[in-house]
Amino acid sequence: MPERLSLASKISKVVHSQSFKLGIGSQGRLGNAIVDLYAKCGNIEFAEKAFHRLESVDLCAWNSILSLYSRQELLDQALRHFGSMRNCGVGPNQYTFAILLSVCGRLMDAEFGKQVHCNVIKTGFEFNSFCEGSLIDLYAKLNYVIDARRIFDAAKAPDTVSWTAIIAGYVQAGLPEEAVKLFEDMQKLSCFPDQVAFVTVISAFLELGRLDDACQLFAQMPNPNAVAWNVMISGHAKRGYEWEAVKLFQNMRNAGVRSTRSTLGSVLSAIAGMVNLEYGLQVHAQATKQGFDSNVYVGSSLINMYAKCQKMEDAKRVFGPFDEKNVVLWNAMLGGYLQNGYAGEVMELFFSMRVLGFHPDEFTYTSILSACGWLENLGMGQQLHSYIIKNKLEDNLFVGNALVDMYAKFGALDYARRKFELLKNRDNVSWNAIIVGYVQDQKEDEAFKLFERMTSDGITPDEVSLASILSACANLQALDRGKQVHCLSVKYGLETSLYAGSSLIDMYAKCGAIATAYEVFISMPERSVISANALIAGYAQHNLEKAVYLLHDMLVEGLKPSEITFACLLDACTGPSTLNLGRLIHCFILKAGLVYEDDFLSISLLGMYMCSQGKIDANILFSELPNPKSAVLWTAIISGHAQNDCSEEALQFYLEMRRQNAMPDQATFASVLRACSLLASLRDGREVHSLIFHTGFDLDELTSSALIDMYAKCGDVQSSIQVFTEMDTKNDVISWNSMIVAFAKNGYAEDALQTFDKMKEAHVKPDDVTFLGVLTACSHAGKVFEGRQVYDIMINHYHIEPRPEHCACMIDLLGRWGFIDEAQEFIHELEFEPDAMMWAPFLAACRLHGDDIRGQLAAEKLIELEPEKSSPYVLLSHIHAASGNWDGVNSVRRRMKEKGVRKFPGCSWILVGEKTNLFIAGDKSHPSADEIHEVLKDLTELMKDEDYFTKIESFVCNIED
């Protein structure tokens, strides 16, 4: 088309020059025709020159210039030209008015349009088909649909232009149903639609979600143009039918219709949704071939496509060559980096954008505020907030939503809520941001209130809000409330959607309704990895075998398991019986090539092996992981050994971690301090404390609590007190618990009680561990009255349900200090069956106070509950021996022998130099055993000579194999 216009323009110049040679170039009808010819060719310069040289300007020439200005979007010039025409005394005709009304519509100039309408009526052109169509189009563009319809209904025989104008008006006004009805009326009257009418109604069908009707109507179009193809491609892409959009694009090319920038932008959007790099590369090649790769619209679409395909280097190659970058391109790059988790690059690009003088818009701030959330940089976010206020963008809904989301992600819910309440026109995104924030901060009650307020305000919940509130129900295990939300999701047709459906499965699984979770899963028309993972996670906690079968079904359906799938199964492998299953899963992960991609699965595998007593497997896996290993991996192996009482190995791993310059974190320090506690290795503990101090973790409450516990277990209570005293903040109950338990375990009952009082004064709410520590202190110090009070406060004031440990502590307190009757009564009044933990202190109390009858009863109960343990047999034997019942002693010995019960020898250790020496009763494996025994023999003789050696009658149980 441009080539044909260019040729026509050249011919016009030839004709014009020939007319000048003949001396008639600016005369009569020929001169006016030449102006019209230049105007139709779009040659403004020559059209204006020819127009101004005319000796006599007729209405046709005026209309030609008006039409030219209108087509070239020189709308203000068109209006000025009309004024000149009227000043010259030339009266307009129907064509003039049609042009003017079109100009007013595009300028959205209602006042001038109405004046033109008056002139149309005065001059009698009101019912002229040209003017009717233009008037309908004017009022439709101005959103005066009622006025447009009044003119349309008054028309005797509206032509295709009028029908198209009124239909387009209804579409523009957001009334696509009315537009479709009018189109049906148009067809009934045998008025064949033109290309514009077809495209307008196809747009209406697409807006209504009637894609089949849109396709059917599109098929009826004779030789659809590029605009029609674009509407179809764009409509399908926007509604999630990406593959259909790509097929339409292919059909468009096969039909020989040349792509426009809109075509390429729409199909690239569809390809981005499909994450199909192969198709994206083909369209990129097409864009380059047509010269559109340097177009801003196509360029931003290419950047978005590469970003969705996780190819940010390719996106950078598209972005780089643009000489004149605009904010749209910058926003595309910022959004791409954000989607791929490169928050640091988002910040760098933003600063580059500002240095180059580009002004951020609302979409820029949306990306940069999200990046601040990723980077946990609240200070930067607050600075941006001040810039937003300065640039008067705070009232923008997109920016406001981003601010709410950012503050919510930081846990700064007061700021988030304040900003949320200031939003004038809240949408689903606004509500979702604040609700998700409260759920993530475990403030579910407030999230529920906001959700109810949202629905009462007439906002229909979407997938995100339903998924969030279902997550809150899962956190609280609020099954009844979860069922109510399920009903809502059914009402809005979202119960089988990807996110809401998966959240329903997760909620039911976490609330223990695993069968209902399975029903939701099988009802989903399209199952995803997310929904399968939610169900597998639920079954893994209750029925590991079923969870494994679900993994098999997942593979059969062609779903590719993710890291979360395997992590859920590995987390359920928690004992020696599941070790082989864990190994099989490990093999599957290796086959899938996932284990070394990041730390996530490696940590799960290490945890599985340590929990399943596969320490050797864990060590082998750890050695195979590539260096440098992250602090998280080192922490996993250290904590695994510490929790399995392999404290020496845990310390060795810690030392190796330091040799490889990996920096410990809070969790690492907690694990290694536990190992030091179990070894009672004060020297190692102090070395760890030194590093904690130098790395600034001494300001962390959890790390300080672990230090208090380590020093206490190593017997250095003064150091525990010093750490506790130097803590800047003591807001966490754990730090108070650590100090109370430290005092209790080391016999400082008064200090434990005083610390408990100070804790209450600091308004820190005690928990069950607090009371266990205080009761232990009372038991060790004989503070029976105080112990009774503390137990009563725990139940009646703080409403804490006593655990078996609390009950055992009370039995020990009462029994140890002679209140045997009360201890027995306490046992009988328990609402549950007492276990071995409670009978053991009662038995010890009976032996201590010589109560043989109740002692024998307690011992028999213990033997019944724990027949494989030696301690009740030994204590029962002591009771028999103390009363001279040697037959009873022999009877107990026989029972032990018959049941294969052995008394495991005690052990102790001592640190000499760099080496920890372990001693077990009866063991002679120590390399210096002979020398040690000689020294012990000499010491024993010295004790006998000084009368320090007292003969103690005791029961010694030596059972031969």
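From the backbone N, Cα and C atoms, a Cβ is placed for every residue, glycine too.
Note that the structure is predicted; figures quoted are calculated from it, not measured.
Here the repeat 'PPR' (58-92) is broken down by DSSP into helix, strand and coil counts: 26 helix, 0 strand, 9 coil. Per TrEMBL, the feature repeat 'PPR' maps to 58-92 (among others).
Here TrEMBL flags 159-193 (among others) as repeat 'PPR'. Within its own chain, the repeat 'PPR' (159-193) has Cβ neighbours under 8 Å at 129, 132-133, 136-137, 139-141, 143, 145, 148-149, 152, 200-201, 203-205, 207-208, counting only residues six or more beyond its boundaries.
The DSSP breakdown of the repeat 'PPR' (225-259) into helical (H, G, I), extended (E, B) and coil residues amounts to 26 helix, 0 strand, 9 coil. What TrEMBL records for 225-259 (among others) is repeat 'PPR'.
The repeat 'PPR' annotation in TrEMBL covers 326-360 (among others). Within its own chain, the repeat 'PPR' (326-360) is flanked in space by residues 296-297, 299-301, 303-304, 306-308, 310, 312, 315-316, 319, 367-368, 370-372, 374-375, 380, 391, which lie at least six positions past its ends and keep a Cβ under 8 Å from the stretch.
The repeat 'PPR' annotation in TrEMBL covers 427-461 (among others). Tertiary proximity for the repeat 'PPR' (427-461) is limited to same-chain residues at least six positions away from its ends with a CB under 8 Å from its CB atoms, namely 397, 400-401, 404-405, 407-409, 411, 413, 416-417, 420, 468-469, 471-473, 475-476, 478, 481, 488-489, 492, 494.
Beyond the ends of the repeat 'PPR' (630-664), by six or more residues, the same chain brings 599, 602-603, 606-607, 609-611, 613, 615, 618-619, 622, 670-672, 674-676, 678-679, 681, 684, 688, 691, 695, 916 to within a C-beta distance below 8 angstroms of the stretch. If you look up TrEMBL, you'll see 630-664 (among others) marked as repeat 'PPR'.
Sequence annotations record features per position, and here TrEMBL assigns repeat 'PPR' to 700-730 (among others). If one looks beyond the repeat 'PPR' (700-730) by at least 6 residues along the same chain, the residues whose Cβ comes under 8 Å of a Cβ in the stretch are 666, 669-670, 673-674, 676-678, 680-682, 685, 688-689, 692, 736-739, 741-743, 745-746, 748, 762, 764.
Annotation comment: TrEMBL describes 732-766 (among others) as repeat 'PPR'. For the repeat 'PPR' (732-766), the model's average pLDDT works out to 91.
Per DSSP, the repeat 'PPR' (700-730) is made up of 23 helix, 0 strand, 8 coil. Residue counts for the repeat 'PPR' (326-360) under DSSP, helix first, then strand, then coil, are 26 helix, 0 strand, 9 coil. Using a Cβ-Cβ cut-off under 8 Å and counting only residues 6 or more beyond its ends in the same chain, the repeat 'PPR' (58-92) has close neighbours at 29, 31-32, 35-36, 39-40, 42, 44, 47-48, 51, 99-100, 102-103, 106-107, 112, 119, 123. Listed by sequence, the residues of this chain that lie at least six past the ends of the repeat 'PPR' (225-259) yet keep a Cβ under 8 A from its Cβ atoms are 195, 198-199, 202-203, 206, 209, 211, 214-215, 218, 266-267, 269-271, 273-274, 276, 279, 283, 286, 290, 292. Taking DSSP states H, G and I as helix and E and B as strand, the repeat 'PPR' (159-193) has 26 helix, 0 strand, 9 coil.
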